[in-house]
Ligand SMILES: C[S@@+](CC[C@H](N)C(=O)[O-])C[C@H]1O[C@@H](n2cnc3c(N)ncnc32)[C@H](O)[C@@H]1O
């Protein structure tokens, strides 16, 4: 199998071989692309300073139509965030392979705090968590109703309220505590939209951190990579989640796949900037169409991440001109077909008992729950696992997740919904959705975890 993978790797020109000597001067996190500055700046935070960007009228009109129908009042607040780049927050994911260690102190002294520390996550038992959600929903606190498809009534949808303290005293010792999965992944966030400076590449030195939308880490947490796993990152460029996977654990193999040559070059640079050469035998770059893995590598992987090509609401809203906006809207209509094919391929590529995480950075239910629903219909041996108590509840202090009360039984087995023209939007059944809101501007991010039965 190793041989086969190696052969399938592109016969790479030297600039694509990520273990080639460090020569790149551009970074993976986009910010560096914009900041052409050379040399690392002093670690000084600044306001995001995003210049005023104008939304593309055609895309905004399309979003208004679709999302006010799907999300109701929730859309007005998400819209306000998406239209206001200076309000966007940035996460700082630390690089555990960098030998420079002063960064945590600097972040803490500047008001950043650890997103994934276990310390500030309330320790709730499963029963308590259920009680908290139900009782808060009954009270109607911090809720926003939003209409969706014909299957859902507007009042069915609410924001998951913040859980900031344990409402019922100490959890019962005998019950499993509600905690984030253990991970060596470290990310620091600030309550305000302050951005840490991006780092230029320094030859021979790994970057210390990666700037990102912290919601991007949720699919990686959901993937639960363990040491020794064989992992496929099916749509990998520019490589933020691949780097996060390598922060979480040491897989036996991480295959990073990206068919687009320019984006693959960017991916290669990211890997080169964040991973030491000693990991070269474990991390590989592949150039296939992701739809082919289901046949070429059937049943090989323990874990597959499908961070699918999607509408990317944040960036598409700010399309540079009307023509680009129109083109993207045309592409948007075709995406669910590609996404469905990629997810099918991923499920075929995973071994029985293995898991696939499907994620997008759009709010569109057609690219989210409708894709998962369609694929589940083809794979009776696959089932969605709830991410509610594992991810949404522990992190509700930081992210605005939406929920549908009454469908949140923590022990409920999700079942595929009957095929329908209208998406069902059962985010709690088919996945979880982070909706940007003022003060919690992370997202959009949809994620769903599917296990292939053994
Ligand atoms: C949302 S981006 C992935 C972001 C990446 N996972 C990260 O965290 O940095 C989706 C990627 O899928 C790639 N893509 C498009 N069509 C694909 C296909 N048929 N197979 C695999 N990847 C594809 C795109 O070129 C793009 O780089």
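Every residue, even glycine, has its Cβ placed from backbone N, Cα and C.
Secondary structure at residue 361 (active site, nucleophile), taken from DSSP and collapsed to helix, strand or coil, is coil. TrEMBL lists 361 with the feature active site, nucleophile.
The compositional bias 'Basic residues' annotation in TrEMBL covers 35-46.
For 128-138, the entry in TrEMBL reads compositional bias 'Polar residues'.
The feature domain 'SAM-dependent MTase RsmB/NOP-type' is assigned by TrEMBL to 133-453. The average per-residue pLDDT of the prediction over the domain 'SAM-dependent MTase RsmB/NOP-type' (133-453) is 82, rounded to a whole number.
Residues or ranges marked as region 'Disordered' in TrEMBL: 29-51 (among others).
Taken from TrEMBL, the feature region 'Disordered' covers 128-147 (among others).
The 10 Å shell around the Cβ of residue 361 (active site, nucleophile) contains 23 further Cβ atoms across the protein chains shown.
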